[in-house]
Amino acid sequence: DSLLLETGFLAVLVAPLRLLGGGSSAWRPHDTVTFWGVRWLLFRLMFASGVVKLTSRCPTWWGLTALTYHYETQCIPTPGAWLAHQLPMWFQKLSVVATYVIEVAVPLLFFAPLRRLRLFAFYCQVLLQVLIILTGNYNFFNALTIVLALSLLDEEHVGCWLGRPRKRHSSAWPPSLGSVLATLLELSTYGLLLYWTVRYFSLEFNWDKKLLDSKVAFTYHEFTTWLRTVTLPLVGVAFLSLSWEILVAMYRCACTRGCFWKFWATLQWAIMATATMSLFAVSLVPFTYIDHESNGKLWPGIHQMFGAVERFQVVNSYGLFRRMTGVGGRPEVILEGSYDGHSWTEIEFMYKPGNVSAAPAVVAPHQPRLDWQLWFAALGPHQGSPWFSALVLRLLQGQPDVIRLVQTDESQYPFHARPPTFLRAQLYKYWFTSPSEASSGPAPWWRRQHVQEFFPSVSLGDPRLESLLSQHGLKDKPPLRHRADAVLPRFLSSVRRLCQPFSGPTLLWSLYLVAATAGLLRALARRARWGSPPARHKGPRERGERNGVRGTEGARGTEGSRGTEGARPEGRHGNKRKK
């Protein structure tokens, strides 16, 4: 959600409803400046996500064994997570090494002067996000990260995707000094990246076992020293990169034709450059959270600026998968209901693991909030999740809106006829099964073990439930009264009634398909309108070739008239012209 807020604010600068563009979709001189802000957000997201895995001192990340637990202990796994969990240990370790390289080392190439290095960084980030999408349900997060990574591309590369003809680059031999130096710099970068990966992760091929061994070859102190050394220089590199983009954009504004349009372009440049530079300065505070010593060295005015805008969350700190949870097994809360207090029936949720024979769900880009929060609730006692008492109360009351959060199809809810009299919750540990555990019948996806009671058995009016609700201020309150002629609440209620029969993923994918279809139709209409290139003026020779003999005679007549004015020297160029 924090990433979505910050990206939404940047979108206002990148594409402000075309207000500053006069309704035109043409490229504007300051576009590179605002797109740099998107690139900076991507850098902060990826670099911090890689760094916090090591600064957290989590033994699974330092031992390169984190992915052996991650696939089965993440919030909502996918069927692909089960397959990835079966991979051998050496491959899991190598995958962690690749994660470090993509999240810590490759983001440094986001500001590289060579476009091929930026393209390499782009495809590394896309590869990582696609693999995460295949093995985990992280709602819109991965798709949003890929959108941010598009800021690493240029118009020429995107044009290749869209089928536009590629620009012809000169293939002169010998190549120029600049191209040779660029190629050497690119190859040196790849070589250093490979060398440092082999050195600092002790990559070594074991010929006896025919596998690739790896381990961390540096200490926590060495890593924190390196981090303290590079944090502020990285800020300096980013400042120089932004300053360069601002100067280039100013030069483009100066090259704009017409006094009015030059003034208009300069005004837009000044507004967007100021906004981007201010956003960059404010973002330095959350970025330097990765090293507190560097954070303390920032100018006090920057801290004051951040304090003034912090509540709007236009800039945030990031750090994904800081510590690996569920090392001893995936904790899972299972709700149970009963009419008599003796015979209990489990309540199945749509997305979270429950039934050991049910395949993991695929719900991205939907975010099932209740299933997601139940994963966090299982990490501690129920007192740490006060909302859980309110969930129990609503299920005991049989409130339809809450039941639809559990099961969209109410017939799948075991107490759809009437609410349960008693509710309780049990805590289990879940593990993925292995292929060897398959029996003659349908193979289960999970195996589980009961741990303890998570929430005691309660009913409506139970003193324990009433005490918990009163303690956290969750007692029933009178509903808010809306005006009878309020249009927005009535409109939202109508939309909600229309959407009730459908699940969240179905609704989201339907909206995406409608938007994609509209965009495709719009592109086809534009191509039909402007796709045919204007007729090029034909010279005498071309007209002669098209018109046949008569045109040839005309061409010869033209040659003759030229010859009367003055003979041109014959030779290689003359023969080519004749041919």
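Note: Cβ is positioned from N, Cα and C throughout, glycine not excepted.
Sequence annotations record features per position, and here TrEMBL assigns compositional bias 'Basic residues' to 529-540.
Annotated domain 'Lipase maturation factor 1/2 N-terminal' per TrEMBL: 1-158, in sequence order.
Positions annotated as domain 'Lipase maturation factor 1/2 C-terminal' by TrEMBL: 314-456.
TrEMBL lists 529-579 with the feature region 'Disordered'.
Taken from TrEMBL, the feature transmembrane segment covers 120-153 (among others).
For the transmembrane segment (173-198), the residues of the chain that approach it from at least six positions outside its boundaries are 97, 101, 105-106, 109, 112, 114, 116-117, 120, judged by C-beta separation under 8 angstroms. Residues or ranges marked as transmembrane segment in TrEMBL: 173-198 (among others).
Residues annotated as transmembrane segment in TrEMBL: 230-251 (among others). Within its own chain, the transmembrane segment (230-251) is flanked in space by residues 29-30, 32-33, 36, 40, 43, 47, 108, 111, 266, 269, 273, 276-277, 280, 284, 287-288, 290-291, 294, 297, which lie at least six positions past its ends and keep a Cβ under 8 Å from the stretch.
The annotation transmembrane segment is assigned in TrEMBL to 263-287 (among others).
As a summary of secondary structure, the domain 'Lipase maturation factor 1/2 C-terminal' (314-456) carries 36 helix, 33 strand, 74 coil according to DSSP. The average pLDDT the prediction assigns to the domain 'Lipase maturation factor 1/2 C-terminal' (314-456) is 92. The list of residues near the transmembrane segment (263-287) in space but at least 6 beyond its ends in sequence, with Cβ under 8 angstroms from a Cβ of it, reads 10, 13, 20, 28-30, 33-34, 36-37, 40-41, 44, 48, 235, 238-239, 242, 246, 249-250, 252-254, 256, 295, 298, 302-303, 305-306, 309, 314-317.
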